[in-house]
Amino acid sequence: MIIQSERISLKHLLTVEALTDREVMGLIRRGQEFKRGAKWMPQKEQYFATNLFFENSTRTHKSFDVAEKKLGIEVIEFEASTSSVQKGETLYDTVLTMSALGVDVAVIRHGDENYYDSLIQSKTIQCSIINGGDGSGQHPTQCLLDLMTIYEEFGHFDDLKVAIVGDITHSRVAKSNMQMLKRLGAKVFFSGPKEWYDEEFEVYGHWMPLDELVEEVDVMMMLRVQHERHDGTESFSKEEYLKNHGLTVERAARMKEHAIIMHPAPVNRDVELADALVESLRSRIITQMSNGVFVRMAILEAVLNGKA
Ligand code: CP
């Protein structure tokens with residue numbers, strides 16, 4: 001007998017913090033059901049989605065495209081470079097226009113943290129917002145696909161030891177993941193350059209030297225060095241970074257037998273992670289990308305349930 005997971009309804013998805021544990025687990029389980037071939041039962045004949053990406057993206061943008069098409073949702077194409085954004089149209093007015101055209105859900109990535117505040121306070125904008133990343137703020141859909149990948153591997157979060165390593169200060173993925181992993185019962189640790197680590201992260205876990213951490217944890221979550229969010233004044237050597245803060249083949253060989261490697265990607269090969277580890281047996285980086293489609297199907301379904 002197939003037991004369908006509990007139906008989740010959301011108005012928007014802006015941060016993981018705003019989700020209850022029940023909603024998080026419901027979205028993960030529904031993502032797993034979609035992975036096994038479950039179908040969506042839409043309550044309307046036609047739904048429209050648009051993916052408004054004002055920062056570069058491959059995985060988030062294209063996996064939302066795939067998820068929408070798998071669900072049978074009509075995707076309204078949008079390119080900021082050929083839109084009226086070039087004539088000075090604001091984000092608010094772009095979303096207002098999409099809402100007026102009848103778009104049900106807008107997936108948005110934007111460089112400004114909390115860009116969504118004015119959109120959700122609007123009485124005129126009717127479409128739901130899914131946050132595809134806001135500056136260095138949050139990346140809730142990446143967090144949910146990471147959680148789905150961990151849950152698929154271990155079947156629980158309780159007392160799992162998860163290391164988040166690298167450019168934590170600039171990483172919206174790290175911020176979403178540290179909050180939710182701690183809430184679900186995992187033990188979070190940090191490592192990487194001290195200048196990219198803020199004291200405020202201490203409420204979620206402790207910083208440890210990478211060479212001590214590597215033998216302890218169940219999940220090594222490596223982060224991309226986000227040069228685009230640095231001021232460009234610091235000197236940077238790829239070789240030095242890999243040697244001091246990256247997961248080398250030698251370090252990976254000291255991981256627990258069952259431990260896995262994750263990375264939200266894109267990966268700077270041979271910087272935060274040795275090239276040979278990206279597609280290695282321990283790596284779940286490709287699984288993370290595939291799971292992104294299924295968890296995003298679950299998120300879209302929840303938001304469109306919310307509209308019904
Ligand atoms: N992980 C992630 O958000 O990748 P993209 O920037 O390619 O969407």
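Just so it is clear, glycine is given a Cβ too, placed from its N, Cα and C backbone atoms.
Taken from TrEMBL, the feature carbamoyl phosphate binding site applies to Arg59, Thr60, Arg109, His139, Gln142, Ala265, Pro266. Summarising the environment of Pro266 (carbamoyl phosphate binding site), the number of other Cβ atoms within 10 Å of its Cβ, over all protein chains shown, is 11.
Cβ-based neighbour count (10 Å, all protein chains) for Arg224 (L-aspartate binding site) stands at 20. If you look up TrEMBL, you'll see Lys87, Arg172, Arg224 marked as L-aspartate binding site.
Among the features that TrEMBL reports, domain 'Aspartate/ornithine carbamoyltransferase carbamoyl-P binding' is placed at 11-152.
Residues or ranges marked as domain 'Aspartate/ornithine carbamoyltransferase Asp/Orn-binding' by TrEMBL: 159-302.
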Which of Arg59, Arg172, all binding-site residues, has a Cβ with the fewest other Cβ atoms inside 10 Å: Arg59
Listed in sequence order, residues with CB under 8 A of Gln142 (carbamoyl phosphate binding site) and six or more positions away: Thr60, Gly133, Arg172, Val173, Ser176, Asn177, Pro264, Gly292
Residue distribution over DSSP helix, strand and coil in the domain 'Aspartate/ornithine carbamoyltransferase carbamoyl-P binding' (11-152): 63 helix, 23 strand, 56 coil
Secondary structure at Arg172 (L-aspartate binding site), reduced by DSSP to three states: helix
Distance-selected binding-site residues near ligand 1 (C-beta under 6 Å), from Lys87, Arg109, Arg172, Arg224: none
Same chain, 6+ residues apart, C-beta under 8 Å of the C-beta of Lys87 (L-aspartate binding site), given in sequence order: none
